[in-house]
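A short worksheet on the structure shown next.
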């Protein structure tokens with residue numbers, strides 16, 4: 001069972017994110033910051049650095065937060081926490097700045113909690129226990145034990161109603177939990193398994209994941225706009241035969257190299273292409289999750305609903321195709337050429353204008369054909385026989 005996205009095994013997409021973010025930050029500092037005007041360069045660099053930090057920070061929180069199902073967590077005797085225990089963490093700045101709570105910290109909290117438990121019997125003067133206090137403690141302990149048993153039995157009945165059994169985890173889990181084959185555990189409020197972070201996204205870490213998408217999108221957008229501005233002004237100044245600020249700073253890069261403006265711009269164009277691809281993918285992902293939040297759906301629920309919709313559409317298309325073949329054959333037998341042309345015309349324009357298709361609007365259909373299409377079994381046998389013919 002993988003507790004978080006930083007545990008092995010790592011995948012290629014996850015390692016790509018670890019490499020790509022520092023590369024973008026370095027590229028901005030070397031090939032964008034020195035080229036921009038000083039009044040713009042400092043604010044843009046600060047904003048870009050903050051956005052990169054926020055993207056990495058919330059991505060880290062998404063990875064280390066364990067979205068395991070609560071019932072499975074109790075079944076395995078795992079201490080629930082906002083962060084999961086990281087057993088294998090790659091060396092990095094984020095892991096040093098934002099370490100998950102260690103086992104020593106949890107043990108100290110547990111030790112303090114034990115200190116706060118009441119003593120079994122009060123002592124009176126002379127160091128002897130008071131019989132009344134001992135009897136009172138015994139009565140309270142017995143009543144609390146009975147109460148706990150009744151509460152546990154009641155909770156167990158309620159859990160059975162709002163839970164389901166996972167044959168892989170071999171325990172009951174929450175109704176909206178799903179088992180992830182990559183992490184080998186049931187995830188509470190399962191949304192999806194993110195390959196870029198190599199972790200499951202569920203109810204516990206979805207807010208962190210959504211913030212990661214938002215800040216990464218803004219981060220890439222800011223990078224794209226800055227590079228695009230440099231490229232545009234570089235060629236505008238060059239074409240007007242004026243040694244403007246951007247053109248001059250690009251050719252005299254960092255005050256060390258001369259006449260390297262074309263090389264600097266070429267590097268920026270390469271990263272611009274990368275940013276355009278990233279911008280399109282992140283925009284699509286962000287819009288998708290905004291729509292999910294509006295409809296109050298998870299990614300998994302959306303996929304299930306979309307699968308049902310596609311099956312319904314395929315079933316409806318099969319019904320329409322079968323009914324059209326039967327109707328055309330009947331029209332030919334009755335020598336109704338205009339009817340045959342109408343049915344064939346409806347096939348061509350029916351997807352765009354359903355009202356022009358007599359099959360879709362059930363115009364003049366034989367009653368036996370309508371009755372047969374309402375039953376899935378009859379419809380399946382009809383389509384099979386017609387397909388063989």
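For all residues, glycine too, the Cβ spot is worked out from N, Cα and C.
Checking the ranges 103-160, 161-218 against TrEMBL, the region 'Disordered' annotation falls on 103-160. Ranked by number of Cβ pairs under 8 Å to the transmembrane segment (12-32), the listed stretches 38-61, 213-236, 263-288 are led by 38-61. In terms of DSSP helix, strand and coil, the domain 'Palmitoyltransferase DHHC' (161-303) has 85 helix, 20 strand, 38 coil.
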